[in-house]
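> The structure that follows is given in the form of structure tokens.
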């Protein structure tokens, strides 16, 4: 009898302690799980790098970068121009990660790229040896209405500051329609050479820069992958890859021909008159002129 | 006899003097501040002894140091191409803490320790007794969580909110509104849970505790025969559950070494004990020979000796 009682008491205790253990486990798991959910959602939100924040040269694509950067700040210390910052909590940039802002502190494009050299994890790719191959962003002349070059004024600060001078930003001429007789010297960015250093944005003389460095994904369009540019393919192949178009034939009177890419309808020059045909090219008989026909056939 | 809370530490001071009773605490604070200064002397004076922060750094621009837990998070996030520098740095750090006691990171290096110790000190001064019932094992869940959120988001997600790296980075590079997180930790430890963050939740503590469960340098209670149950060490210890298996296991033939990885090797028990129960030593060997208390030890005579005063406080 007493044995039964003891056994049931023990098993009740055991059940009680098991219940308590499970309840504690569930409580902890729920609390930690909720915290984890919040952290996960915050991490997803932090993935969006604001367009004004640029990563140091050699940074991996943003998604890889956020997995690779331990936020140690060694790049910040190694930048001789002190342009890099570690984001603090509350900034739009993921907490602790390095970035710079072109307008206030652009990358000076050091030839030895000191910010990359000591990156312990490879978040900044130490394989990048030529700063001209860095792609931190892409400069875009975003505002043609305020850029004074588009008003016909000579500025060209961005063109002249660009470290890849004459390649990443070129000045192109356009007609100044306002004056009707002058040229516009318009800056045009070429993505093939622009490193996204931001020196042009820093140098822009406007109150708010008309040329801005944007993240490449934001700045660039993309041609559908099925597009084939015939002239490029023709250049690669050395011959047309499609049957050439038949040239249009015009039914024109004698002495007239058509130039496709040129003057259009052209009246052939009349053959020089035979020597001694007369002292004057004009016949004394007016009917000769009237009957001569367009081509001057006799 | 249990020492009343208001007399905490008085006996140790009576026996060893104030400096003797705060030796390890002072050394620890000096180390914590010293490490910060080593990181700051670069930007301040251009002397680059240590560059970076606790996440990763270089010593004299040559020896890399990396937080091994961050390396694990990187791998969990799917970044497998990490540079060998980070791996070497993590190995150096891991070996170091296996030698000196994993959670020595917590008590000798981590800047949050100063915040939570401050909260605990104030908690005692204000006599705040109530505490939320947190399981110390919650930290294992938190450790798992850091890896799970890394894997789920493909980023070092926990680093966005990690108070430890936030404070250390903040002190060196600027903290922004990160101070609010630190204030939250302080208030949490003060009003919500005793030793709440460091003792129950911090996943870094959990990880370094794992390293420490095999560590060489340990606190030993070789003088446990001197213990008079004053309970002062329990009061100051950030992980009091680690004490009884060493101090109270003499009868059962247990080891006098505090073996739990949760022990932070802070040495507060050594400082506070008036009876020389504790000393730093190695896992397998005592470095200080414990002596029986001399006959004229105050505990045997002085009526003013706090632990001689009867107290009805229940032994925890």
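Each residue's number is its place along the chain shown, starting with 1.
Quick reminder: no glycine exception, Cβ is built from N, Cα and C everywhere.
Annotation comment: TrEMBL describes B:33-50, B:70-99, B:140-158, B:170-192 as transmembrane segment. As annotated by TrEMBL, domain '4Fe-4S ferredoxin-type' applies to B:217-248, B:254-283. For B:292-316, the entry in TrEMBL reads region 'Disordered'.
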> Sort out for me which stretch, of B:33-50, B:140-158, B:170-192, has the most Cβ pairs below 8 angstroms to the transmembrane segment (B:70-99).
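Comparing B:33-50, B:140-158, B:170-192 against the transmembrane segment (B:70-99), the winner is B:140-158.
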> Take the transmembrane segment (B:170-192) and find every residue of the same chain, 6 or more past its ends, with a Cβ under 8 Å from one of its Cβ atoms.
36, 39-40, 43, 53, 111-112, 115-116, 118-120, 122-123, 126, 128, 131-132, 161, 163, 198
> What is the three-state DSSP composition of the domain '4Fe-4S ferredoxin-type' (B:217-248), stated as helix, strand and coil residue counts?
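Computed counts for the domain '4Fe-4S ferredoxin-type' (B:217-248) are 15 helix, 4 strand, 13 coil.
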> Could you tell me how many residues in the domain '4Fe-4S ferredoxin-type' (B:254-283) are helical, how many are strand and how many are coil under DSSP?
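Counting residues per DSSP class in the domain '4Fe-4S ferredoxin-type' (B:254-283), I get 5 helix, 5 strand, 20 coil.
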> Could you tell me the mean pLDDT over the domain '4Fe-4S ferredoxin-type' (B:254-283), as a whole number?
90
